[in-house]
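The structure appears right after this line, and notes come after that.
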Amino acid sequence: AQLRYSVPEDREPGSWVGDLAKDLGVEVQSLAARNLRLVSEGGQRHFQVDLAVGVLLLNSRLDREALCGQSPTCSLHLQLVMENPLQLHRVEVDVLDVNDNAPQFPKPEVVLEITEVANPGTRLPLEVAEDPDKGSNSISTYELSPSEHFALSINVRGDGVKMPEIVLEKALDREKVAVHHLTLTALDGGNPVKSGTAKVTIHVLDANDNPPVCDPPISKVHLEENVPVGTLVTKLNVTDLDEGPNGDVEYSFKTSNNAPGKFTKLFSLDPRTGEIRTKGPLDYEESSAYEIAVRARDKGSPAMEGHCHLRVELIDINDNSPEIVLTSLSSPVQEDATPGTVIALIGVKDSDSGDNGQVRLQIAKDLPFKLVSSFKEHFSLVTNGPLDREKASGYNITVRAVDSGSPQRATQKTFYLRIADVNDNAPNFSSPFDTAHVQENSLPGTSVFSVSASDPDEGSNAKLSYSILHNGMQDVPISTYFRIDQDNGTIYTVRALDYEQDKVFQVPVEVKDAGSPALSSTAVVHVFVLDENDNAPTIVYPSVPKGSAFHQTIPTLAEPGYLVTKIVAVDADSGHNAWLSYQLQEAAEALPFQVERRSGEIRVAQALRESEDSHRLVVEVRDNGTPSLSASVVIVISPEENSVQDFAKSLDLPKSSPKDTNLTLYLIISLVSISLVSCVMFAVVAARCL
């Protein structure tokens, strides 16, 4: 917004200027919280803000003439900056002129000369009085004390300055009055009216009766700024109808308090030719025009003079580059900032005028920002699209200012904008499914597997912690089997695992960041327990108490190959550890029997003699593990006559025997276990492929 106030220049410090809180529509109580501060564009602090009541106060007494000089208007430009949200307000304070200066002549006494042969209507120019006040408080008119021969005429110059001249109304007679004493009074338009006076002494002279005449008396010249020193501005055209010394003219500058000696530093005047040239660099931005008064005086006796007025108006050229002022910058900015969020307040200045001072601001089109014009020469840099710190953690923003002059002039300013991270990315595992293997009976605390996750955020938003979730698949919580290091994701066993009890575990792992709100992801680790040969074979048939023997009878005439009985054994382990082999332990004498290594069948190896007694066999069942485990059973075989039995009878396996039921159950359990392990393996392989 832009506010405008006005204050007279004679107000005391602490005087009220304007109600900022009311005009901005802001609660007074919020001004301090929003860090309202005042920035003066000129670097001087003429004003202050009372945050308690929200008003703009005068900080020091103002002097309009000292602040703005001869400018017709006097404005002071301020900037108000408020935060949360960031806002910039422009305040323009017009300093109103008061009639605090009286008119003043350059000299308190003016001496003029006029020949007695001067014709009525002859004009004698007077010095212009100066009044630093402007507007109605500046010089309004002049008055001349009553005179029989002279009257006052007031002309208006091209820049509006009133120029007093004494006009001869009645012919002079030096023999009657040689010197005339008059009083010239300058009056301003203030209330009350202030005035200044100068004594005018007019000497009546004889002879030289033609003054130099400037043609035209008032002229205007246009000149480009920055022309080389010594450039001819103009040559005055002055004529004097007299001859000899009375017609020989010399030129000199006529100065006053209007700009004492200023234009004499920039222009030179040839006293004989009347040529005016530059002798210093001209700058349109310092002054766009110069009023030059030239006195042309002849060498007659008495000397007569004429006056030429030249207005030099400078043509602006594009000799100033734009200036970029970074008023405020909000860095860092959150990556989730909505489009339209104000990032920076930028001002631009160009001392040139017209098209040369018209400035455009530009930034690169591939940036997610744009420039919005707040008001004249002030812009806001706002977001124009989504920001993503993970793609760009900051931006080097180059603002380029280009004017409309010919040729164009440009300048640029680069500043860095940092993007602050927000927790907008959940952690990700390197794989949603992983497979690990652990040996059964491993000691508690054995490392099983290490999961790994990453988070593209930074800081606390990327600080990860791991935990194990309860998936409800096991009867006992999974945390009783495994634990995880929350910092590095390493999974350890809590207790020794038993392959025969649990062959595979699904361990759901969650990773969570430390952002607010926290984000998380999950992965599943399939832990396969590797079998260890920790179970010895169990003989299920024949089933005899420990330390006892199994008695089996066969016919005395049994021939070689006759099936005596069959040893049936099982092993709770799996794989190689469950591969069983049968063999007879070595005896002191050779036995007429043999055991099939794989089937456990005991058969007659050679014909029996009728007189043979019972035979005692020790059958050993051994698995294929490392180290190998074994079990044994003692069988006593007794030959008998007329002992004929079928296979079932010799095995003594009743169809409804509980032992037969147990054997069938063990076989079913083994088949189901093998099938389950195969299905799990296929599922894991398929998941990893997907």
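Glycine too: its Cβ is placed from the backbone N, Cα and C atoms.
Look at TrEMBL and you will find 6-105 (among others) tagged as domain 'Cadherin'. Mapped onto DSSP helix, strand and coil, the domain 'Cadherin' (6-105) counts 14 helix, 38 strand, 48 coil.
If you look up TrEMBL, you'll see 106-214 (among others) marked as domain 'Cadherin'. The average pLDDT the prediction assigns to the domain 'Cadherin' (106-214) is 85.
TrEMBL lists 215-324 (among others) with the feature domain 'Cadherin'.
According to TrEMBL, the domain 'Cadherin' annotation covers 325-429 (among others). Using DSSP to sort the residues of the domain 'Cadherin' (325-429) gives these counts of helix, strand and coil: 4 helix, 55 strand, 46 coil.
Across the domain 'Cadherin' (430-539), DSSP classifies residues as 7 helix, 48 strand, 55 coil. What TrEMBL records for 430-539 (among others) is domain 'Cadherin'.
TrEMBL lists 546-656 (among others) with the feature domain 'Cadherin'.
Under the heading transmembrane segment, TrEMBL lists 663-687. Counting residues 6+ beyond its ends, the transmembrane segment (663-687) has Cβ neighbours under 8 Å at 433, 435, 503-504, 526, 528, 540-541, 568, 570, 574, 578 in the same chain.
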- [ ] Give me the stretch from 215-324, 325-429, 430-539, 546-656 with the greatest number of Cβ pairs under 8 Å to the domain 'Cadherin' (6-105).
- [x] 325-429
